[in-house]
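**Q** So that we are looking at the same thing, I have put the structure below in C-alpha cells.
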Amino acid sequence: MPTVTMIGGGQLARMTHQAAIALGQRLRVLAERPDDPAAQVSPDTVLGSHTDLTALRKAAVGSHVLTFDHEHVPTEHLEALIAEGVNVQPPPTALIYAQDKLAMRRRLAEFGEPIPAFTEVESVADAVRFGDEHGWPVVIKAVRGGYDGRGVWMADTAAEVEPVVKDQLAHGVSLLAEQKVRLRRELSAMVARSPFGQAAVWPVVETVQRDGQCAVVIAPAPDLSQELATRAESLALRLAAELGVTGVMAVELFETDDGELLINELAMRPHNSGHWGMDGAVTGQFEQHLRAVLDYPLGDTSPLAPVTVMANILGAPVAPDMSMDERLHHLFARMPEARVHLYGKGERPHRKIGHINVLGDDVAQVREKAERAAHWMSHAVWTDGWDPHGEH
Ligand SMILES: Nc1ncnc2c1ncn2[C@@H]1O[C@H](COP(=O)(O)OP(=O)(O)O)[C@@H](O)[C@H]1O
Ligand SMILES: [Mg+2]
C-alpha cells in the first residue's frame, strides 16, 4: 500500500492521517516540531522546514506522492523535486495560484472568470488611485502568506490606506488592492480532481467568518438557488481543470448583494470549509484528497443529512480553568450527537484548536447546537445558561 508524504504537520495533515489509516496507507509528514498536530500521531515524521530542499527531499524519498497541508512550499523546490522523479500533487504550475493572490487574479482575469476589480500596489499612490477610481472602501491584501484574515486590511479612506501600505511595503510585503465587495454572504465550492482528470464536487456551502476567520460552515448553503449552486459547482470544476489542479481545492466565493458570484481565493489542499464532510458526507475531503493525489477513482460526495453544520473551536481570549478533557466530558454528557474533532493544539486566543459537526434537518436548530457546543469547548460556558454542575 502507498506511502503519501504531506508537507506540513498541522491539523489538516493530522486529519489526512486519520483517513490514510482507514485506507491502509501510510502518511509521512514533514513537520516543523515534534508536537505539531500531525507529528503527534504519525510514526513516520520527518522534522524540518518546508523551505529546506534537503528536508523536502528526505520526506519525499520512497513515497508514492508528495502533497500539502499548506501552500507555502517554494515552487522552485518543487520543480527540483519533480526533476528528481518525485510525484508532486498538485503540481507547482497549479499551486502557484493558491500561493500568490496576484498571479491568481491575473490568471483568472485572463480566463474571464468573475473576480473583484484589483490592482498591484507598489506605492501608497497606487492604492489611493485605485480607491479613487473604483470607490472606497478598498481591501489591501498581502500577495502571499496570509491566512485567517492575517494579511487582509480594510481601508475606508486614503488616510487609512497610507499607514498600512507604507508599513507593509517597508517590511517587504508585496500587496494588492481590490474592491470591497458588498456581500450577501460567503460560499465555498469544494472540488477534487485526479491526475487522470476525474473530478467531483461537494454541495456548495456557506461559510461564516468572524474577524476574517472562518467560524461556521453550513452544508449545503441554505436557500441557495439551484441556478447559483450549479454555477458555483461548474465554476469549481472548470477552474480545477483549467489550472491543472489535483487533490482537493476549495474555491472561496462571495455572493454579492445583487446575486452574483465572485471568486475570492483558492486553496489547493483540504480546507476548513470541507470539515463538515468528515461526518456529513459519504466521502470527506481528507479521504478524497488521498484518493485524488493517488489517482484512485473518487468517492461519492453526497451529504448524509439535510443539514450539517461545522463550528470551529477557537482558543478563548483567556483559556478556561476547566481542562479540555473535562469540557469534553460535559459536552458528551449533554450532547451525545455532537461529532468532536480536536487537533492536539495548545489554547491560544483565536487559534483553531478543533471543530464540531452536527447533522440534522433544521438549519437554525443544527447551527445553534453546533455553535453552542463549540463555544462550550472554547470557553467552558454554555451560551444558554446551562450550569454543568447545577441540578437538572
Ligand atoms: N474584496 C473583499 N470584499 C469584502 N470582504 C473581503 C474581501 N476580501 C476579503 N474579505 C473578507 O476577508 C476574509 C479573508 O480574506 P481572504 O482573502 O480570504 O484572506 P485569507 O487568506 O486570510 O483567508 C474573507 O473571507 C472576507 O470575509
Ligand atoms: Mg480566505
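Every residue, even glycine, has its Cβ placed from backbone N, Cα and C.
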**Q** Looking at the ATP binding annotation from TrEMBL, with LYS141, GLU178, GLN179, LYS180, VAL181, GLU186, ASN264, GLU265 already listed, which candidate in LYS101, LYS166 is the matching residue?
**A** LYS101
**Q** Near ligand 2, which of the binding-site residues show up if the criterion is a Cβ under 6 Å from one of its atoms? Options: LYS101, GLU178, LYS180, GLU186, GLU265.
**A** GLU265
**Q** When you measure from the Cβ of GLU178 (ATP binding site), how many other Cβ atoms are you left with inside 10 Å?
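**A** If we count other Cβ atoms within 10 Å of GLU178 (ATP binding site), we arrive at 21.
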**Q** Taking only same-chain residues 6+ apart in sequence, whose CB is under 8 Å from that of GLU186 (ATP binding site), what do you get?
**A** GLU206, THR207, VAL208, GLN209, GLU252, LEU253, PHE254, GLU255, ASN264
**Q** Other Cβ atoms within 10 Å is the metric here; tell me which of the binding-site residues LYS101, LYS180 scores highest.
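**A** The largest 10 Å Cβ neighbour count belongs to LYS101.
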**Q** Using DSSP with the three-state reduction, classify LYS180 (ATP binding site) as helix, strand or coil.
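**A** In the DSSP reduction, LYS180 (ATP binding site) maps to coil.
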**Q** If you count Cβ atoms within 10 Å of the Cβ of GLU265 (ATP binding site), leaving out that atom itself, what do you get?
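**A** That number is 19.
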